[in-house]
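Just below is one structure, and these are the notes that go with it.
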Amino acid sequence: MQKSMMSDRRKFILGMARAAGLAGIGALVWSSVLEESVHASLLLRPPGALDEIDFLKTCIKCGLCVSACPYETLKLAAPGDKKPMGTPFFEARETPCYMCPDIPCVPVCPSGALDVASVTTDGVLDINLAQMGVAVVDPYACIAFWGIQCDACYRACPLLDQAIVLEYARNERTGKHAYLKPVVVPDICTGCGMCENACITEKASITVLPREVVMGRAGDHYVKGWDKKDQERVKNARGGITQTEISKRSAVDSLNDSSGLFE
Amino acid sequence: MRYLISRRITQVSIILLYMAANIWGVKILEGNLSSSLLLGTVPLSDPFAVLQMFVAGSIITMDIFIGALIITIFYALIGGRMFCSWVCPINIVTDAANLLRRKLGISAIQKRVYMSRNIRYWVLGLSLLLSFLMGLTAFELISPISILHRGLIFGMGFGLSVVLIIFFFDLLVHENGWCGYVCPLGGFYSLIGKYSLIRVAHNTQKCTECMECKVVCPEKEVLFMVGKSSETVEMGACTNCARCIEVCNDDALNFSIRSYINKNRS
């Protein structure tokens, strides 16, 4: 009796250890698959989408936004798309967001992954508040920067002369022509992608990318002295000096450091 | 056959209703099995998906909370795994694989691979653990059920390969391998339906012990009482698919409403 109890216990412990080991391997494989979802962040989400990390937590992958979209802009990522499976996205070059004023895709979202509040002012839906991405111009491929006249993106932009403005410059090469260069105003650009869709070059020279990928941040050290509103940021700035490796030494020592120079 | 036919009709018509909403704009049942909108008002959500979202750290909105509650109560009453046999689209695939397996007699010639029925609970635990650690809905991102269902409604991509893997796994590796052993959603619903009202009841008086029911049952463990004692199938793993009822020539198996009072008396 005693002996069989022992062997039962051993069997149990062995069984548990096996199951735990198998589960561990499973978790490892599984999480490496999931890892791809976390890092496949170069895609455009519907208007009002939470930031990518919260979006992945919250999206229930029901496709209600997809069927609400009247232009078939939105797609759900299928296997093989190399995008987080089942989540909605759009490809601006194929079909951009046409900025419906009533934004049918957002209120229909049951899980709050598309946040109505982020595209609402004073209780009214406003698609111009959407921040799906931001357009970026490649000045070397854009023919307007070559001096050839093209304003396709400028004309296609639903926020004409606000999100994309034309910068006029003299063409020094010919001496008698003008450049009309498209410049994106990132604060206003919604990332709808109509410019990318309209771009006439073989591969679009203006591309919409997720905002967090493209946008920089100056930090509180730099303030526009000529801008009253910006000067208020000084009040928010925390004191202290940024300490880097090199600033620990005195300036003279740092300048006279000749190590490595004569080897 | 009538239960098999009505199961197929239910499964196919649910898919058709979703497709009708997305492709033809007939908005009776919009969305998909993860979350949907019935008649444009009633929210319905997959409680397991919502649980993963909660564990991942998402804020649960009222809409999907109510949706998940409706689905939970519904399946808690009628038997959790009724979802598996009456709604889930993968069930058609695995049933086809198992039918072919029986026809080819693969189980008879194959050396049995030992798998524990409890694997699904480990996978269930792992989905929640990974959801928590990675801040994602872990099972939702790889779920073949969602992949097939979404694929039918919104476009398949390479989703068919995932479905084929499950088909061949069930056909060649293990009888009823995916649904009966691995799928965490099945495990989840068997927990929900543990105390459900609709149950298969066995009557020993009528049973001739032909064991046809055990041949056809995808969860043979739940029929342990066949030929031994008259009782209802209590285990949550029973999918209420009614195949045992159909195959029984002696009328020894039937649906019944579980009676808690009777149980206490005996």
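Any Cβ shown, glycine's included, is placed from N, Cα and C.
The annotation transmembrane segment is assigned in TrEMBL to B:12-29, B:49-77, B:121-139, B:151-173. The domain '4Fe-4S ferredoxin-type' annotation in TrEMBL covers B:198-228, B:229-258.
When Cβ-Cβ distances below 8 Å are used as the criterion, the transmembrane segment (B:49-77) is approached by residues 34-36, 42-43, 83, 127-128, 131-132, 134-140, 188-189, 192-193, 195-198 of the same chain, each at least six residues removed from its ends. In the predicted model, the domain '4Fe-4S ferredoxin-type' (B:198-228) shows an average pLDDT of 82. Counting residues of the domain '4Fe-4S ferredoxin-type' (B:229-258) by DSSP class, helix then strand then coil, yields 5 helix, 6 strand, 19 coil.
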